[in-house]
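S.K.: Structure below; questions to follow.
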Amino acid sequence: MLFKEIMKEVSRREKQAGIIPDPNIDTYMKAISVKGLERSLQTDYILKLGIIAIITATVLLRTHLGVDIIHANYYMGSLFYALLLLMVNGFPELAMTVSRLPVFYKQRDYYFYPAWAYAIPSAILKIPISLVESLVWTSITYYVIGYSPEAARFFRHFLLLFCVHQMSLSLFRFIASYFQTAVASTVGGTMCLLVILLFGGFILPKPSLPDWLKWGFWISPLSYIEIGLSVNEFHAPRWQKILSTNMTIGQQVLTSRGLNYNSNFYWIAVGALLVSTLLLNFAFTLSLTLKRPVGVSRAIISREKLSQIQGMENEDIPGQMEKGSITGSPVPLSEPRRTGKMVLPFIPLTISFQNVNYYVETPPLILMKRGGELIYTGPIGKHSSKIIEYFEAKSACYEMDSKELVKRLSTPAPDLKDLSFPTRYPRNSWVQFKACLWKQYLSYWRSPSYNLVRISFTLVSSIIFGLIFWQHGKTIYTFLFQVVIELPYVLIEVVLFMVVAYPAIGYYWTVYKFFWFFYTMFCTLLYFIYLGMLLVSLTPNVQVATILASVCYTLFNLFSGFIVPSPQIPKWWIWLYYLCPMSWSLHGLFSSQYGDVQKEIMVFEETKSIASFLEDYFGFHHNLLGLVAVVLLALPLIYASLFAYFIGKLNFQTR
């Protein structure tokens, strides 16, 4: 607050005197007094969540859903969407935590406070945010979608979503503190989220997991969330109608998903989430305590040099004794002084008072700009008067020098001609393109950590997909694609995925189907890359970009045609289904693999061919693959063009 008040007063006096400040000083002082955004990121989260909740509620309007086996799957999809949304909503915590780590490490290493004193408030301060977000979502969606109307089930639904959000925030805080950098944290968080989703029991139900991987179901927090929300809803009285199989509708739905547990398991799920939250916060504290900052190196000097420096600094201890007064000031040291409780950057003076008039002057203020150049050193003065006088004098001198320089340079010599250039740029477009391409190539080549992490992540995720979905490609019309198409990687990642995962999962080995899968995956991952670049170009910083990306991906999941199939989307929202890029990717993946398969399966107590089921339930038609191919090719071109336009037109940099 002191610096902000100083700069306000300096700016006011500069304007009155018509002074233009020194650019170096002005940049530094404004940087330390920046106000920041008017609205906090948490406000943006809640606003975003409220908007998405309204959209979701109107998409899954209760008038469109009945109490039967078919519509029970829509209810199950809406429950999964809610928990997925609250899980992904914690992802921006990665960027925020990583951005705060450098300051924390500096303060920790100077023994300002221990790690637990930072970790505990970080967790406590998020509790009101989780309460508000969970309440906003539950209040808007619960009765509009048409879940079981009992008040007790409403509050249990709300409590579980609150626990989900707390667990998610704790998880991503810990991941950020462990990996420490933005790239590694993002990849680590994505990998963790991928494993949690795959073992969570919705994408692949527990009965379909390989026997030697069923233990993964019980270590995934998503499993407990799924069980808790499902038993809370499908054990309600309205789902107790007996079917021809001598089971209730609720039991039939839960059994098909491997979630048929009694009502008491709800509280086990709540307890598991609370324990997970505590363990993750404990791990976060340990990570903050034990991990060293990334890229920190200590300067090494000889003992003789250190002794010489300390001797020079201790030769003259500033302080004076006057009759009737005693003044003193601390002596800076090159090494912090340890006093047992805290570290002081000076030797405390011992002063005895024997008179009535005594005072101790404050130490001088030292201002340095980036790079170590000294801007100001000296006393602060009463009400910062010394600092203000110094900057006023310096700015006035700079103003006089600037005016003389401008006057001298603005008058051209008589024999000079006006500058003119035949073209706007010194080189033609092709030369500019080659130069920028080479520059980008060098930039990527000189970022091995980023590229190696991406490739490693693709390899590991391909192996995980292959193990979990081992030889399921021809036996299930798989839910794999909902997760697969969200992995934004380039051609080498697609090839790596195809080589590892395609044969392991057991898709159809025909040139036609293999090509379509490769083409769809390549276009999908390419447009996700360009979409991410577009979102970055539209936002002023990484935190806002993360929020905007979270909104986009959340809506993509809702309107992709998977959680809510296109025939069930209300007419007033169907336009968003066609604008959603993931709906075209899913259409291409499903139709190319299974759109021509006439094998009959039992679905919702009816016998249908797989091709007919895709048309009736999902709205995926095999004869539209040509249109799908064109749209998939156009999407990355559109996103790339918009990125190129906005990156050239928008500028969020401020002095």
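Note: Cβ is positioned from N, Cα and C throughout, glycine not excepted.
Just so you know, TrEMBL annotations never went through curation; they're auto-generated.
Features from TrEMBL:
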type: DOMAIN; residues: 49-234; note: domain 'ABC-2 type transporter transmembrane'
type: DOMAIN; residues: 239-301; note: domain 'Plant PDR ABC transporter associated'
type: DOMAIN; residues: 432-473; note: domain 'ABC-2 type transporter transmembrane'
type: DOMAIN; residues: 478-594; note: domain 'ABC-2 type transporter transmembrane'
type: TRANSMEM; residues: 45-67; note: transmembrane segment
type: TRANSMEM; residues: 79-98; note: transmembrane segment
type: TRANSMEM; residues: 110-129; note: transmembrane segment
type: TRANSMEM; residues: 154-175; note: transmembrane segment
type: TRANSMEM; residues: 182-204; note: transmembrane segment
type: TRANSMEM; residues: 265-288; note: transmembrane segment
type: TRANSMEM; residues: 452-470; note: transmembrane segment
type: TRANSMEM; residues: 476-502; note: transmembrane segment
type: TRANSMEM; residues: 514-538; note: transmembrane segment
type: TRANSMEM; residues: 544-565; note: transmembrane segment
type: TRANSMEM; residues: 572-590; note: transmembrane segment
type: TRANSMEM; residues: 624-647; note: transmembrane segment
S.K.: For a three-state summary based on DSSP, what are the helix, strand and coil counts in the domain 'ABC-2 type transporter transmembrane' (478-594)?
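M.R.: Across the domain 'ABC-2 type transporter transmembrane' (478-594), the residues distribute as 89 helix, 0 strand, 28 coil.
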S.K.: Give me the DSSP three-state residue breakdown of the domain 'Plant PDR ABC transporter associated' (239-301), ordered helix, strand, coil.
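M.R.: When I sort the residues of the domain 'Plant PDR ABC transporter associated' (239-301) into the three classes, I find 35 helix, 2 strand, 26 coil.
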S.K.: For the transmembrane segment (265-288), name the stretch out of 154-175, 182-204, 514-538 with the most CB-CB pairs under 8 Å.
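M.R.: Maximum Cβ contact count belongs to 154-175.
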S.K.: Do at least three CB pairs under 8 A connect the transmembrane segment (45-67) and the transmembrane segment (182-204), leaving out pairs fewer than 6 apart in sequence?
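M.R.: Contact between the transmembrane segment (45-67) and the transmembrane segment (182-204): absent, because fewer than 3 Cβ pairs are under 8 Å.
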S.K.: Do the transmembrane segment (79-98) and the transmembrane segment (45-67) share at least 3 Cβ pairs closer than 8 Å, excluding pairs fewer than 6 residues apart in sequence?
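M.R.: Touching, yes - the transmembrane segment (79-98) and the transmembrane segment (45-67) meet the threshold of 3 or more Cβ pairs under 8 Å.
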